[in-house]
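Per TrEMBL, these features apply:
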- 39-489: domain 'Biotin carboxylation' (DOMAIN)
- Lys155, Glu239, His274: ATP binding site (BINDING)
- 161-356: domain 'ATP-grasp' (DOMAIN)
- Arg331: active site (ACT_SITE)
- 584-853: domain 'Pyruvate carboxyltransferase' (DOMAIN)
- Arg665, Thr929: substrate binding site (BINDING)
- Lys762: N6-carboxylysine (MOD_RES)
- 1124-1199: domain 'Lipoyl-binding' (DOMAIN)
- Lys1165: N6-biotinyllysine (MOD_RES)
Amino acid sequence: MQILNARFALRATATNLHAWCSPRSRTATTDSKTIDYKPIRSVLVANRGEIAIRVFRACTELGIRSVAIYSEQDRLQMHRQKADESYIVGKGLPPVEAYLSIPEIIRVAKENDVDAVHPGYGLLSERSDFADAVLKAGLRFIGPSPKVVQQMGDKVAARAAAIEAKVPIVAGTDGPITTKEEALEFCKQHGLPVIFKAAFGGGGRGMRVVREMSEVASSFERASSEALGAFGNGSMFIERFIERPRHIEVQLLGDKAGNVVHLYERDCSVQRRHQKVVEIAPAPRLDPETRKRMTDCAVHLARHVGYENAGTVEFLLDDKGNFYFIEVNARLQVEHTITEEVTGIDLVQSQIRVAEGMTLPEMGLTQDKIKAEGFAIQCRVTTEDPANNFQPSTGRIEVFRSGEGMGIRLDSASTYAGAIISPYYDSLLVKVISHAQDLAASAAKMNRALREFRIRGVKTNIPFLLNVLENQKFLNGAVDTYFIDENPQLFMFKASQNRAQKILNYLGQVLVNGPATPLATNIPPSDVKPYIPPVPLDLSPEAIKMQEMTGENTAVKPPKGFKEILTEGGPEAFAKAVRQNKGLLLMDTTFRDAHQSLLATRVRTHDLLAVAPYVAHNLHNLYSLENWGGATFDVALRFLHECPWERLEDMRRMIPNVPFQMLLRGANAVGYTNYPDNVVFEFCDMAVKAGMDIFRVFDSLNYLPNLILGMEAAGKAGGVVEAAISYTGDVSDPNKKKYDLKYYLNLADELVKAGTHVLGIKDMAGLLKPQAAEMLISAIRAKHPAVPIHVHTHDTSGAGVAAMLACARAGADVVDAAVDSMSGLTSQPSLGALVASLQGTPLDTDIPLQTVSEYSAYWEQARTLYGPFECTATMKSGNADVYLNEIPGGQYTNLQFQAFSLGLGSQFEEVKKAYREANLLLGDIIKVTPSSKVVGDFAQFMVQNKLTASEITARAEELSFPKSVVEFFQGAIGIPYGGFPEPLRSKILKDMPRIEGRPGQELPPLDFTKLKQELQENYPGVTDQDVMSAAMYPQVANDFFRIRDKYGPVKHLDTKTFLVGPTVGETIEVKIERGKTLDIKTLAISDEMTAAGEREVFFELNGQLRSVFIRDDQASKEMKIHPKAVKGDKNQVGAPMPGTVLTIKVKEGDKVDKGQPIAVLSAMKMEMIVQAPRAGTIVSVAITNGQKLEGDDLICTIE
């Protein structure tokens, strides 16, 4: 308290010293006017935010005590902390009304020994009754006299004064009008266009331009309503609208002695919705003669009305140099800052000195001494979303980092991490002011400063401001009020990535609510960081210099492989080289089918890319790397929250020398359903462009029409066509006659005839015994000696290595294998075992066993990260009973997981038996995805309902079968070899429709352009690859887009962190791109929940404290929280912005047309009509009048 008293004593001394040095308590006579000087000791600012702080700073420099007022909603705002004292006003009143309560403000001033009141701008600053009340209370008003405030605040009276002073004006109403009928009458008499303006306020509130007579009434009502809400009076002023003007305003300063000077002008032409966005001082490219006439008119008008203190006269300037009076702002302007910068004059201190009684000459402010130096620009950074029609953005500022440096000034208030941006007040966040010798240099400083800003948690208009600053017309100073409207490129934004904060939100989500992807077992991911085997480094001078610059080592270029042959000679040359290769070639399945079989397809790009350089350098002579397609596509989207296309491109970048192979399900592409033909062709084309080389094309029923469509699509895209025959049965068993050797040879003939480059044998269940392998491959090789043969199998029985060696000796060119630590069980045979078995033989793979060992060591450690999906939790060894049940490898482990999760673990043997029975009931079909799913669903249906095969046959007409079984019998995935079993098919389908021929041939082409437009409504940044993902998996892709928008590039997290989150106290590194690494330390999770059911999670990001609020899904179930509209659900209408519900236009049961008003919201003094996005019926209305909404809160549901 002693320190505080000493501080005030020091300020009082400064004030008295200044008063003694000045003409203290003197009576000066100027032009027959007596002026008393009386020092001001304390100032109350009847305002909030940055302008309040601006005045407090001026007071502090003058040694004057500052007093703040604040509403209940503003109790945490910075302006009350910047003042020497602060007091609440309007307790119990709504947010804006608290600052409009004149009696309350006067009470606070009187009770706390205040000398003077500064109104700031907005709120009560142009209310003459407020100025009058201040004076009548014995206080001083820092501004014009009440009479002048009233005269200049009334646009009609101001207009009359301008006419008297012979200042040019435009046609307008003689007085304020209050009805739409008066507005219509004026428009009919004077014509259109016209502009409506609030008669008792400015700042663009209540302003509308009307060009059509049919819009006059509605525009008047909306403008009047806005004016009433902003200024307490809905009266309007109308005048003719001048096309293409520049908006120029002259800054004035007058004293009590009648002296008036101008401080030059500002160009405020860059406006949106009649609100200034960017201001420049002085106005560029303004003719000096026009400037003189304009400033002379402004000074003359001010003298004519007896203006004192600071004020602005605004003009419209047309392209011929004619200017017209608009209005007088009898207050300080938001953009006063740039005038201060170019003139060096502190306008706020000048205001206070004038209120004390000092004259302009005494302050050294005569016109001849006021000069404008250089150019200053002010940008208003607002919490508005420019990509969403500048809708207000409210909430908590999670991150705030400002742009500073030479020539930059910041005027702000709530600009710090943790600040709450409410919907109750203006959206202005910070004013950024640049000053330099010329306009271009000033714009460059501003551009640099804005780019330094980092604001997270709320949207800002910074992207829009940057576009303005880089526009050539702006840089040339050639702007008018149409500038924004006529430059649509200003609204083309590169979305802020906000990666760090999004990743923190993901980590917080996992910490509060648990894993974001379902975990299948209780085995936790290990803490191990897999050792990545090194690759040779480039030690050339150029590489060393690059390392010094980037801090990263550069690997030497990997050796050439088959990819180069394919690139240079095309698919035919590639196939020829494969056929001519002397040893056995191998395809490594570790990057796809191995982890699909063993780890539920959950291996992430993060761990694939870590070992990719080693593969490129040491396994360059592989036939191919199987790394894409099949189940990896939808699992990446669904569970790993990764884009499969990005994975493919990233792998291609890291492994440029080894061909990539993918699994293409014929006409089903990488989906489980039928697609229009153009989708399959487009998919293959995009895959090749993203880095795919070889398409192993198959059909789950070996149905040729489906298979050949996939072949044609892959071939047209420029890929290597590897048509695959799906193998089942046993060609070495003469008792199995359906799928005999003749069947497979006929299929091979058809595929070779169709133009396949490579012939594949796809043994999904691992049924190909060594003897059968020798028979099958020998027979095909004899018929087709020039065609490469590639064999794929699974090692479920344990005989995989033997079978593949038999294939090799019988003439196969390529067989599949997985690296040792990812082989066996339902995966592929061991890569190391095949390499070792063939060393020193004519079929030597030419792959060093030590290389395989190093590669395997990495995966042995990496596999432990995926404990939650480890198949060995339930499957301890291979099982030769696969020859009986014929369950495909990948499906075997999935069925076992499902059985355990359903409590049927002890009945898995029953499931396997049922699988065999189901297969026979279906006609003994080929079992590959998706046909294998049909058999699996059928089997589980039988076990759960305790049905035998005979009971199924007997009761088929009364049972409700799984959807996949019904669709199979309808022909949805094609026609099985030998046809559908009767009478079972007829009993199940009854009178349901049947599909004849290829299922997809009747589907109309997909309109990709339309699909992209629909996606862009919710996700503006979607790529063509995203569109294709949505074409394959509509709902899965939509969920992925939503998660990507919310959580960012989670693929950069290490696997343990991604799955279960970090531990408190743990520090992790997240490399989001080259040269950009995030150091994240988890500090704490709050035990307390907010009213919205959220917990605060604290982090340290690169040494700075950050926190995020995460809704506790479990705990918040017991709380009443307004539902959110589901993004992408076209039936749900969400609040486009936070705000208060003013009017509800519909009720439950109403029929609405597209575009029909549903509700009216108000936020930050702006009203918005929420329109129906589609025609339909209102099913439910989730809001009430007066309710406060957050962004995306559910308003109603339409069907």
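Just so you know, glycine gets a Cβ as well, placed from its N, Cα and C.
Nobody curates TrEMBL annotations by hand; they come from automatic prediction.
Here the features listed in TrEMBL are painted onto the structure.
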residue: Lys155; record: ATP binding site; Cβ contacts under 8 Å, 6 or more apart: Gly172, Pro176, Lys197, Ala199, Phe237, Glu327
residue: Glu239; record: ATP binding site; Cβ contacts under 8 Å, 6 or more apart: Val170, Ala171, Gly172, Thr173, Val194, Ile195, Lys197
residue: His274; record: ATP binding site; Cβ contacts under 8 Å, 6 or more apart: Ile195, Gly204, Met207, Val209
residue: Arg331; record: active site; Cβ contacts under 8 Å, 6 or more apart: Pro119, Gly120, Tyr121, Ser125, Glu126, Gly143, Ala310, Gly311
residue: Arg665; record: substrate binding site; Cβ contacts under 8 Å, 6 or more apart: Gly630, Gly671, Tyr672, Phe698, Asp699, Ser700, Gly710, Thr929, Pro930
residue: Lys762; record: N6-carboxylysine; Cβ contacts under 8 Å, 6 or more apart: Arg696, Phe698, Ala724, Ile725, Ser726, Tyr727, His792, Val928
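Neighbouring residues of the recorded ATP site, listed in sequence order and excluding Lys155, Glu239, His274, comprise Gly172, Ile195, Phe196, Lys197, Met207, Phe237, Ile238, Ile326, Glu327 (Cβ within 8 Å of the Cβ centroid).
Using a 10 Å radius centred on the Cβ of Thr929 (substrate binding site) and all shown protein chains, the other Cβ atoms total 20. Spanning the listed ATP site, residues Lys155, Glu239, His274 have a farthest Cα to Cα distance of 17 Å. DSSP states for the domain 'Lipoyl-binding' (1124-1199), grouped as helix (H, G, I), strand (E, B) and coil, give 0 helix, 39 strand, 37 coil.
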